[in-house]
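**Q** Take a look at this one; I'll ask things after.
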Amino acid sequence: MNLFANLLSKAALGPILGARSQGVELKSSSEIETMRQAARIVATVLQEISTMTAPGMTTADLDDYAEGRIRALGATPSFKGYHGFPASICACVNDEVVHGIPRKRKVLRTGDLLKVDTGAYFNGFHGDSCITIAVGQVRPEAEKLMQAAEQALYAGIAEVRPGNGLLDVAGAIEDSVKASGYTIVEEFTGHGVGRNLHEAPSVFNFRTHELPNVKLQPGMTLAIEPILNAGTRHTRTLRDRWTVVTLDRSLSAQFEHTVLVTEDGYEILTDRSRVEPALPG
């Protein structure tokens, strides 16, 4: 979730490159294990939602399911009540970019592109992840946008290893997006995640001189989350003061993972391929 992640002031981080001096918390082995459990809950819920989503459901249906499932798995929804956000998931359809509020009147239709972002708070730590789901059969251009967004995420993750910096991650994402021909939303960023849903450092999805090139160290946990638009990168916020949409009403897609920096690379803590969803019969 990138809600208020951009409030992690870039200027306040200063020019120093060391992670600890940037206010970045390095997790201990026991803390990492707890984060694995929080992230596994998020991955399980998202995998189940991706399987159950179908035309005719409402985004409120998905929110109700996510909240109940997160609680059943022993965690608390990270998003509900966060800065006043009223739900356990962000649910964005088609041109909606981020922070969509689930609603009973928002009925999913065949061809919709649905973004579901959620988090779980477990024993003092958060997990955070987002997926984009094709509702029924989608148009080829929507499928292509989804694939490009996921490719951009994994291009950034591939640069996560000790000794690399955040600019390596940002640059890989930017290059992937440019090659795909889409635009990247700049005002919402990735972030550190751990005891708090949003921690230092900000994880940009494009190269910028405003971003200190914080060096990655084992024990850092990052939420990496590029958002791609089919048209303009520019956005606007609706009257509910939460839902952000593309300015030209073009499609938007997003994927996000919570990623641990390990001694020799990375571990995707919210990897959905490693969970075994148990949908009710």
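Cβ from N, Cα, C; glycine included.
Because the structure is a prediction, the values reported are computed rather than measured.
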**Q** According to TrEMBL, Asp117, Glu256 bind divalent metal cation 1; so which of Asp128, Asp248, Asp271 is the extra one listed there?
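**A** So the divalent metal cation 1 site in TrEMBL includes Asp117, Glu256 plus, from the candidates Asp128, Asp248, Asp271, Asp128.
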**Q** Need a hand: TrEMBL gives Asp128, His191, Glu256 for divalent metal cation 2, which of Glu150, Glu159, Glu225 is also on that list?
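**A** Same divalent metal cation 2 site in TrEMBL: Glu225.
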**Q** Filter the binding-site residues Asp117, His191, Glu225 down to those whose C-alpha lies within 10 angstroms of the C-alpha of His99 (substrate binding site); answer none if the list is empty.
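**A** So the list reads Asp117.
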**Q** Looking at the binding-site residues Asp128, His198, Glu256, which has the shortest Cα distance to His191 (divalent metal cation 2 binding site)?
**A** His198
**Q** Rounded to an integer, what is the Cα-Cα distance in Å between His198 (substrate binding site) and Asp117 (divalent metal cation 1 binding site)?
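**A** Distance (Cα to Cα, whole Å): 14 Å.
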